[in-house]
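Per Swiss-Prot, [4Fe-4S] cluster 1 binding site is recorded for C111, C116, C122, S357. Residues or ranges marked as [4Fe-4S] cluster 2 binding site in Swiss-Prot (evidence: sequence analysis): C142, C146, C149. According to Swiss-Prot, the domain 'Radical SAM core' annotation covers 127-346, on the basis of sequence analysis.
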Amino acid sequence: MSQISSNLLRNTVQNGKFGCLKNSIQCKHTAANPLEKIRERLESGPSFQDFVQNPSYNRDDWTDYEGKLRREKGENDRLRLPPWLKTKIPMGKNFSRIKDQLRELKLATVCEEAKCPNIGECWGGGEHGTQTATIMLMGDTCTRGCRFCSVKTARVPPPLDPAEPTNTASAIASWGLDYIVLTSVDRDDLPDGGSNHIAATIREIKRQNPRIFVECLAPDFRGDLECVKVVAQSGLDVYAHNIETVEALTPFVRDRRARYRQSLDVLRSIKEINPSMITKTSIMLGLGETDEQIEQTMKDLRSVGVDCLTLGQYMQPTKRHLKVIEYVTPEKFKHWETRGNELGFLYTASGPLVRSSYKAGEFFITSILKNRAEEAERRKEAAGGQDTKTEQT
């Protein structure tokens, strides 16, 4: 489970507007002209700053901020939270309604388990009035113990709930969403890592609403690519798996069973299974990584065909977890957004409160998915017209 990775699913598309993490996709197979058309189309939509800028601060708050942003080696004191990371206390009717509904259906959310800082905005509906919560599949207990993640752990969590696929699909159907994001805990105690359970949930969601777009943030399944294949062939639209951090820090940040190269192999295999599948990953900043290491990680991700990249600030969930080494400024996050676009990601979502599925991401991905569907329909109609001509001849 991840913070940036698992940190939530959120605000989704309703009538073409929605919300969660601004991502995008760049398939190396995409031709230049279609790519430009997509970018032009997105220009008319909401900008990244419309979604992720915290209304409680302005640019002067961080350009004039004189607080300490980085812990030096050997220092034990925790850094004070800078103004751009402070969020409102969650409340309101929408927030309470979603919380009650999730409890009634016995569904877990990564929003709560991972202590996401955006929970009030997403559950409350935010500026655009669309609300949702990231459904965390396979229970609320993970078999891994990553040092950044607050999801509880156990060697053998409770058995899977056979009603979860149906309950999840029913909740999503009642929200009337066009785009939904799922995530899950790791279940190393299961022979298939839970891949068939995840696939069954996706199929049930699609059965109840064939027009909905589904994104799933899935585990690495211990590197078992057959399990990856099960999820990739379930009818999924966007397959996400998080790299989490740079290679040098992976052994200290993630569970020992989660390896950097293994995650790259998972992301590579998704494209080999289905070249048109949109892939997505996330990186946490503030754990002590260098600019050179971030740059190399981004290049590694492009080399395996990753389409969407998100970068966000690591925030220590409890005193038992890794301390923040550095609070990265919004200006630096903007630099990585620009660099990601230069490296070929169709869109890079980069900001202090960005999580793997936060705010405007679904808008951009939905635009591309709809564009692809329209292109496929036009090709089909053109082929049908050609067949008619041939028959007449």
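Using N, Cα and C of the backbone, Cβ positions are placed for all residues, glycine too.
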Average pLDDT across the domain 'Radical SAM core' (127-346), rounded to a whole number: 93
Residue among the binding-site residues C142, C146, C149 whose Cβ has the most other Cβ atoms within 10 Å: C149
Secondary structure of C146 ([4Fe-4S] cluster 2 binding site) (DSSP, helix/strand/coil): coil
